[in-house]
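Engineer: Following this message is one structure expressed as C-alpha cells.
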Amino acid sequence: MLSVHTLAKLIDQYCSNSDRHYVYGTAGFRGPAATLDTVLFATGIIACLRSLALNGDVVGVMVTASHNPPVDNGVKVVEPDGSMMPELWEPLATQLANTLAIKGSSNERAQATLSWFEKELKDQLQSANKFYNEGVVPTLVVARDSRESGPKLLSCLVAGAKELFHAKIHDFGLLTTPQLHFLTSETAKGVSNVTELRYYRHFLQAWNHVAQLHGIGDHLPTISSLTIDAANGIGAPKVQELLSQWACRGQVHFINNKWTNPELLNHECGADFVKSNQRFPLGFNDSKGLGCSYDGDADRVVFYYVNESNKFCLLDGDRISALFAHFFSSMLKQAGLQSQLSLGIVQTAYANGNSTEYLQKTLQVPVSCVKTGVKHLHHEAVTKYDIGIYFEANGHGTIIFSPKFYKVVKEQERSIAVETLEAFSQLINQTVGDAISDMLGVLAALSISKWTPQHWGEEFTDLPNRLAKVIVPDRSVFITTDQERRLTKPEGLQAKIDETVKCFQKGRSFVRASGTEDAVRVYAEAANVEEVEQLTKKVKNLVMNSSQN
Ligand code: G16
C-alpha cells in the first residue's frame, strides 16, 4: 500500500502526538485539541478504509467536540446513510490511532503501522483491500465546527486521506454536526452538487407543508416569542440562515450567537450548561416566551420557560420525547393507524423516572432503555418501531420512520392526519439528533396540539435530579452492566450505592465513566431536592473513596 519511508515522512509532518492512549468512544475521539493531530491523521485513514469497504461510497467526517470546552476537539465518522460508523469499526480506529502514536521514532511508528495494516488487510479489512486493489478511490465529505483548532486538525486528516489513498474529498467547511450527517446521506443518495442550501431548502419546505396543513401562518399560535441560545457555536449562523426565510422569524430573538469568538463556545450557555446546572443561559431575559439552547455543534436542544412563580422550568430531552409521543399517538389515532404502525420511545438511564412512568402509564407507549450514546438509541429505534422516538435527557435525539411507515401512510386515503404524518417525517432530520430540525418539530407539535410551554411542562412533574461529575485518576476502572445502570467494577462499589439509595424516598442513582470527558458521571434522583442533594453527595463520596483505595 505504501512505503515505510513515505509514511514516516507524513508522521513527521502531521503526527506530533505520540506515546499516548486514545479510545474511539461515545462520540468518536475526543480530548484536548493539542493532543489530537495523530488521531486526526488516523481517522482520515479509517474513513478511507470504511469508504473502500463500501466500494468507494461516501463517508462523512465531522471535526467537533460538541459540548466540550473550547480547548477540546474531536472527530467522528459517519456512514453513507448518515448514521454513525458501525461499532465493529471502532476498535480498528482505536488500534490504528494507538499504533501511529506508539513511543518511538517516526520510522518505528511507520513500521508498526504497516505491520498493523498487513495483518488487518488479511483479516478484518479484506473488503477494503479488495476494492483498493481494484483501483477504487475512497470518497469523503468533511466539515468542522467553529473551534480554533479545527483547520489544523482537519489538515492532518486530509493529508492522510489524500497522500495515502488519493481520496476524493468534498470539504463543506463550517457546518453543524447534523448538517454534515444530512449532507453525507444526500450525497450518498446520488444527488449531484450537494450544497448546504439543500439542507435549508429541505427543512423550510417541510415546515411550510406542515404549517399549511394546519393553518400556521407567520405567528406560532401558542408561544409569544422564542429565544435561541446557540452556545456561541456554529449553530448560530446556520439557524440564522435558515430562519431568515422562515415565516415566523418575527418572533425569534438570538442570544449567545458570537460564534466567531471560539473562546466563548459553551461558556455559561448552551444545552449542556442549562441541563447540568438547571438554570438559564447567560443573556436570557424573556420571562414570557419559550427559550431553547443548542450545544456547540447543534446536535442537542433543550427548552425552558419561566412559570407563574417566576421559576426556571426545564423542558429537556425527556419532555421532547413526551411531546412527540403525545403528538404521534394522537395523529395515528386520527389517521386510524394506531394498530398498524408501532410507536415507541427509547431512553437511557438518565431519563427521569417520572417521564418513563408518564410515557408508559399515561400515554401507554412502550419504552426501551439502552446505553448512553446516540448510536445505541438510534439502533433500538430503527429496529423496534415504525415511529421510533429517541431522546437522551440531555436533548440529543430524533425520530426514525420505518419503510413500513412510508408504505402504510402512502396507501391511506388523504386526510389532514395522514398528510401531517408524512410531512412531519420530512421535518425531522432522521440521520441524527439535530437541534434546528428538532426545534422546528417541537414548535410544530406545540402549535398543532395547541400546547403552551406551561401546558407542556405540566404534563408531568420531574423527580428532583442531579447530574454531577467526579474526576478520578483512572475512569476506565468503572465498568457497567444493565444498560449502564449498575457497576460491576470497582468491586463492592455497587453494593454500597444500593445501600445508600435505600435510605432515600424514590431514590435512584447510578455511576458511569463518561465517553467524552475525563470524568465519572454520577446521576441521582429522589423525592425532594434536599434528598437528591444528599444522595448525590453520598454517591460522589463513595466514588471518590473507591478511587483512593
Ligand atoms: C455525546 C454523545 C451523546 C452523549 C454525550 C455525553 O454528545 O453523542 O450520546 O449523551 O456525548 O456522553 P458521555 O456521558 O459518555 O460523556 P455530544 O453532544 O457531546 O456529541
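Glycine is no exception: its Cβ is also placed from the backbone N, Cα and C atoms.
Fair warning: this is a prediction, and the values are worked out from it, not measured in the lab.
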Engineer: Report the candidate from Ser51, Ser66, Ser546, Ser547 that shares the Mg(2+) site with Asp295, Asp297, Asp299, as recorded in TrEMBL.
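Structural biologist: TrEMBL lists Asp295, Asp297, Asp299 binding Mg(2+), and from Ser51, Ser66, Ser546, Ser547 it also lists Ser66.
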Engineer: List the Cα distance (Å, whole number) between Ser66 (active site, phosphoserine intermediate) and Arg521 (substrate binding site).
Structural biologist: 18
Engineer: Counting CB pairs under 8 Å, which listed stretch among 59-87, 194-302, 490-540 touches the domain 'Phosphoacetylglucosamine mutase AMG1' (316-451) the most?
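Structural biologist: Comparing 59-87, 194-302, 490-540 against the domain 'Phosphoacetylglucosamine mutase AMG1' (316-451), the winner is 194-302.
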Engineer: Using Cα coordinates, what distance in whole Å links Arg521 (substrate binding site) and Asp297 (Mg(2+) binding site)?
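Structural biologist: Asp297 (Mg(2+) binding site) has its Cα 22 Å from the Cα of Arg521 (substrate binding site).
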Engineer: What binding-site residues among Asp295, Asp297, Ala513 have a C-beta sitting less than 6 Å from any atom of ligand 1?
Structural biologist: Asp295
Engineer: Determine, for the Mg(2+) site, the additional residues of the same chain whose CB lies within 8 Å of the mean position of the CB atoms of Ser66, Asp295, Asp297, Asp299; present them in sequence order.
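Structural biologist: Here the nearby residues are Thr64, His67, Asp145, Thr176, Thr177, Gly233, Gly235, Ala271, Tyr294, Gly296, Ala298, Arg300, His396, Ala435.
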Engineer: Just give the helix, strand and coil counts over the domain 'Phosphoacetylglucosamine mutase AMG1' (194-302), going by DSSP.
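Structural biologist: Summed by class, the stretch gives 41 helix, 15 strand, 53 coil.
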Engineer: Does DSSP give Asn394 (substrate binding site) helix, strand or coil?
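Structural biologist: Once the DSSP labels are grouped into three classes, Asn394 (substrate binding site) ends up as coil.
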